[in-house]
Amino acid sequence: MENTQNVSALEQQTIKRITKRIIPFLIILFVMAFLDRTNIGFAALHMNEAIGITQTIFGLGAGIFFLGYFIAEVPSNVLLHRFGARIWIARIMITWGIIAALMGFIHTGTQFIVLRFLLGIAEAGFFPGVIFYLTLWFPARYRARVFATFYLGLPIAQIIGAPISVGLMQWGDTLGFEGWRLMYILEGIPSVILGLICLKYLTNTPSEAKWLTADQRQWLMQTLEKEESEKEESADAHLSKGELIKQVFKNPLVWIMALVYFGITSGSNAMFFFLPSVLESFRNTFGMEISLIQNGMLTAIPYAFAAVGMILWSRRSDRKQERYFHGASAALMAAIAIAIALIVNQPWAIIVGFIFLAIGVFSAINIFWTLPGQTLTGVGAAAGIGLINSVGNLSGFTGPYLTGYLYTTTGNYTIAFMVIAAFVGMGGLGMILLAKLKSNALKKEQQLNPNAQVVELK
């Protein structure tokens, strides 16, 4: 009994120390990633007219980021596995920070599109790389809450990013500059600085963690090695890295997860790039005048609710040790809420709809990322997570471009966000399908090997 208590105390101390060491720094990096990625939503309020682009061209530029992201994602994650998180995440941050700052010097739609494409290539691998990195440090039973804590960087980026972005724009205007240019430059530079800090601060693996005690290091390494060996017993442990990557590409569950992620992230990407413009459109639709500062504050509200909602829902998911229902129900709630809000078509209803869209989508995304680690291991996990993220993030191309096109065609955002709601709903239904397929696979394995102990990953 005493030994069990000691192990439990050691486990708690180890997880607490790792969390304090790694998570706050990664959250800061994530905040900067999304700030540099999505600040064009505010820039568009002045930039589009300044460089002479339509909402369709803006949507293309917003979305083409993800085309570059898609092309470079899997190679970037494989290289992360080869060079280690410390060097590769630092490289990602430095290059994206430089390109993000260069956005302040554009003068044409072509320059806007080219730099957005290059920004996608530069940032490719960051998010799935961090997800993979966290699996090297946290046992499976902690990952939903750890991912949720890390994923707080996303709503935080919008909560603090909205007032910072509009503040920089207004400050630039008062100094006689075009404010949106100053915003791009000043929000890009910190990413370069953080990338340099990353080289000194991050530790690649637990075996290199001098900031853990010997007992803590041993417990963590043994726990993670045991989990890996259990996965490898049912995986293709005899395959080379190249063959394992090929197996990942042939795995239908990986592709279904990619489509699920595509559906869910359609909602988040549409919010990132078009929520400020939706609020701006209240002037023509409802006769409401919204200032730049008011726009920034209203944009932040859904993300503040999402930050609380995703933490509570992920804790419930960890407590119940269930993933699929929690993820699916969150996504379906988001889809239904925004659809109802658009039907009601009142300012208050639209804002409430976006609040529930944010809560549902971010909760679903956070829980979703616990699924790949249940079946993928080693370089296969790095490649699989990269594949899922890159294919799923194509919604970042189709969503903004389609939203911009439908707005240009119809003159409002109703049809565009109805389509987005359908995509999010598809993601929720896809998680139900994944649960069914997983259950069938486990039953089949039990039939083939009745004496084996099959642990169902819910």
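Using N, Cα and C of the backbone, Cβ positions are placed for all residues, glycine too.
Bear in mind that TrEMBL entries carry predicted annotations, made automatically and left uncurated.
What TrEMBL records for 22-439 is domain 'Major facilitator superfamily (MFS) profile'. The transmembrane segment annotation in TrEMBL covers 22-44, 50-71, 83-107, 113-138, 150-171, 183-202, 253-275, 295-313, 325-344, 350-369, 376-395, 415-435.
Mean pLDDT across the domain 'Major facilitator superfamily (MFS) profile' (22-439) comes to 87 in this model. Ranked by the number of CB pairs under 8 Å to the transmembrane segment (253-275), the listed stretches 50-71, 183-202, 350-369 are led by 350-369.
Note: the stretches the transmembrane segment (83-107) and the transmembrane segment (183-202) are in contact (3+ CB pairs below 8 A, sequence gap of 6 or more). When Cβ-Cβ distances under 8 Å to the transmembrane segment (150-171) are tallied for each of 183-202, 295-313, 350-369, the top count falls to 295-313.
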